Every structure is written in C-alpha cells, then in structure tokens.
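For Lys9, Thr168, Asp169, Thr210, Gly211, Gly212, Met213, Arg214, Ser215, Lys216, the entry in TrEMBL reads ATP binding site. Annotation comment: TrEMBL describes Ser49, Asp136, Asn148 as substrate binding site. As annotated by TrEMBL, domain 'PUA' applies to 276-357.
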Amino acid sequence: MSGQRIVVKIGSSSLTSEEGGLNREQVQFFAGELAALHQAGHQVLLVTSGAQAAGFRKLGYPVKPKIIHEKQAAAAVGQALLMQAYQEAFLTRGIAVAQILLTRPDFSNRGRAQNAQRTIEELLKQRALPIINENDTVAVDEIKFGDNDSLSALVANLVRADGLYILTDMDGVYSADPRKEPDAIKFERIEVLTDELYRVAGGAGTAVGTGGMRSKIEAARIAMQGGVPLFVGRVSEPGDLSDAVAGTGRGTYFASSHHSLSSKKQWVGFLSVPQGRIIVDNGAETALMNNGRSLLPAGVIAASGDFHPGDVVEVVNSDGRLLGRGVTHYAAWQVTAVAGLSSEEVMRRIEVARVEIIHRDEWVASTIVKEADHA
Ligand SMILES: Nc1ncnc2c1ncn2[C@@H]1O[C@H](COP(=O)(O)OP(=O)(O)O)[C@@H](O)[C@H]1O
Ligand SMILES: N[C@@H](CCC(=O)OP(=O)(O)O)C(=O)O
C-alpha cells in the first residue's frame, strides 16, 4: 500500500562500529532503503541514533564515554558527521533532508509539540525527509535515561504515523537475549504487552547500543497506546525495509491497541512531567490495574512531592513498583491527611470536589496488560 506515513528508527548498533566511528556504507545502505519507500509514494521520517558513537573517537575518547558532559561533547561532534553522511547519501537520490533535534520538554509543552508537528507536516508536504535525533547537548536527563526508541514512538504518535519500524541488529524480540541464550525463541507477533515480555527484554547488546530490547518494549507500549503498529527487526539486505512495511519483514510485529488512548491520556501517560508520588496498597493496585477503577483514599499508604490538584503524579505499590500515572484531584498534603480513610470519613474531614484522588478517565497504567500474579 503506498501513501503511508512511516517512521523508521535506526539504532547506533546499525550505523557505527563498536570501536567508534560512522559506518558510511551502512548509512548509504539505509538511505537506499528509505529512498525506496519515499519513491514508492510513502511519507518517510527517520529517527536516527549514532551521534555519540560516531563522535567519541574524534575527541580522543578510547571508548564511548559514560560521563554526561563527555557524552554531550561526543554527540555534538557526531551529530554533524551523521547529518553530513545522510546529506550526501540522500542528495544523490534526489531527496532533501532536514535535521530536527528534539528533547522531552518539546513534547510535554503543547505549544512546542505543535510547532514541531507543523514543521514536520510542511517538510513532508514538500517531499523532504525529516531526520530526527535527541538534542543530546542540552538533554541531560535524556542522555542519562533516554533512548531513541521512546523518542521514535513519541514522534510516531505526534505525526499519527501508519507504522513505526525500529531497526536494530537483532531480527526481532526473543524469549531471552539471543546473545546470552542461543536457544531463545522469536516472537513473530505480539498482541499485548505482558509482564513476562518486560522480564525477558534485556539491555543493550553492544558497547554502542543504549536501550536494548527493554527500551524497545517501552516504545511498543507508547506506540500501541497511540494506535501505531510497530515492527522491531533487522534490515540488512536491499528490499528488507520494503518487505517489513509489506508485512513480511524479519522481525517482530506488534499490533496497535484497538482502543488507542485519547490525546489527553497520551499526554498524561507519556509526555507530562510527574510532580510527586502516591504509594498505594494491594487492594488499590488491583482496583487500578485489573478492575478499571479510580483511586480512592482508602487504598493510599502515603504521598511524596509537592503536587497540587490538576498535576500528574506517579502511583507506585508498596514494593516501589511503578503502576502508572494519573491526574490528581488532591494536593499532596490532602492525600497525606486522608490516606487509608473511607470515602465517608474523607468527605467529613476535608473539602474536595470529588472523592476520587485519581479518576479512572485520567489514569494511564504503565503496562497495557497485567498478568494473573498481580490479580
Ligand atoms: N529478549 C531479547 N530479544 C532480542 N534482543 C535482546 C533481548 N534482550 C536483549 N536484547 C539485546 O538488545 C540488543 C538491541 O538493542 P541495542 O543494543 O540497544 O541496539 P540499537 O542500537 O539498535 O538500539 C540486541 O543486540 C540484543 O543483544
Ligand atoms: N541520541 C543518542 C541516541 C542513543 C541511543 O538511543 O542509542 P540506541 O540504543 O542505539 O538507539 C545518539 O545519537 O547517540
């Protein structure tokens, strides 16, 4: 099917060598794959990693640095090299490329997100190919925790893509990291994200990779809840990417959720910046995660942070496990004051607009489906 809007993410492991430095042949190869989609009439966006891995040797670091300002310096050098290589590769194929560097606040701030969206729309209208990476030089948190897998899913949701293709050095998601367990079995298709999947998805496979399979599963959660189908796999021969788009690629396909989240819930779940935490007991965990209920004061153990009504807070269980995020109707001090009380008692003690601390319509769980062991 032509005329689809397609986001492709290429990981550092596919573009650079472990010793550092850009693999220009690989850049040429991927440019050919993307150009084929472009020429077939699709709108193509590229989310590329590799800036740090491409740049660190030029600055004299022997291995990919771990200290933040060194990573940022490496990314600043490598990003220029990366774009230069893409410019050359796409120029010969008659495609104009555009650099877009984003950080998480560019998504959490609605105005900035709309600006990015409008720019991308205009570029696609003019048949240019947007090339997106994190703005590593300013994004301290992103370098510490971030990865381009989540970024690509946020981009796919932002532009309402028809598909997200995360390309890596492994031909799909396996029941364990195949580098460690050669007998691991590949998942061809994943309909729901289970806790089991989060458990088997391990870290990066090489010294240049960052997020590993774990961050690809997190990206899957964001994309699926945004209604975007996802592919995670390997593209190494000419035509592989077109095959992946046609549904016959070497990788794992994730179905998009039939009930994609409203833009408000997407904001709560993925883009907002939580202002505090609420710790809940087992009963509240079951109510939120399995029964689709709201959070009531009776299930609360404690609260931390300085949050106010309307803020987004994280909810964790007594083991500290993140359950999800929601919009609180109570300030932090109010949650502390009513923790563990029945709804009748709460209404007698304090004045609040509604008894629910987080209403189920403003709640997003951190996984799509929970397993029975959480029932
Ligand atoms: N369950 C799993 N299935 C497949 N690969 C896995 C799994 N767990 C961990 N991995 C590792 O994830 C790596 C891919 O992620 P990463 O190294 O971050 O690559 P990229 O730079 O392409 O993002 C693979 O090389 C593999 O070693
Ligand atoms: N913005 C960073 C991305 C790092 C990253 O996420 O790497 P990867 O796990 O290879 O996708 C860079 O360009 O080096």
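Glycine is no exception: its Cβ is also placed from the backbone N, Cα and C atoms.
All TrEMBL annotations are machine predictions without curation.
Separation of the C-alpha atoms of Asp136 (substrate binding site) and Met213 (ATP binding site): 21 Å, rounded to the nearest whole number. When secondary structure is read from DSSP and collapsed to three states, Asn148 (substrate binding site) falls in the helix class. According to its DSSP assignment, Lys9 (ATP binding site) is in a strand.
A coil conformation is recorded for Gly211 (ATP binding site) in the three-state DSSP classification, outside any helix or strand. Across the domain 'PUA' (276-357), DSSP assigns 25 helix, 24 strand, 33 coil. Each residue contributes its Cα atom, and for Met213 (ATP binding site) and Ser49 (substrate binding site) those atoms are 15 Å apart. Only Asp136, Gly211 of the binding-site residues listed as Lys9, Asp136, Gly211, Met213 bring a Cβ under 6 Å of any atom of ligand 2; the order follows the sequence. Largest CA to CA distance in the substrate binding set (Ser49, Asp136, Asn148): 11 Å, whole number. Cβ neighbour count within 10 Å across all protein chains ranks Ser49 highest among the binding-site residues Ser49, Asn148, Ser215.
A Cβ distance below 6 Å to any atom of ligand 1 is met, among the binding-site residues Lys9, Asn148, Asp169, Ser215, by Asp169. A distance of 8 Å separates the Cα atom of Lys9 (ATP binding site) from that of Ser49 (substrate binding site).
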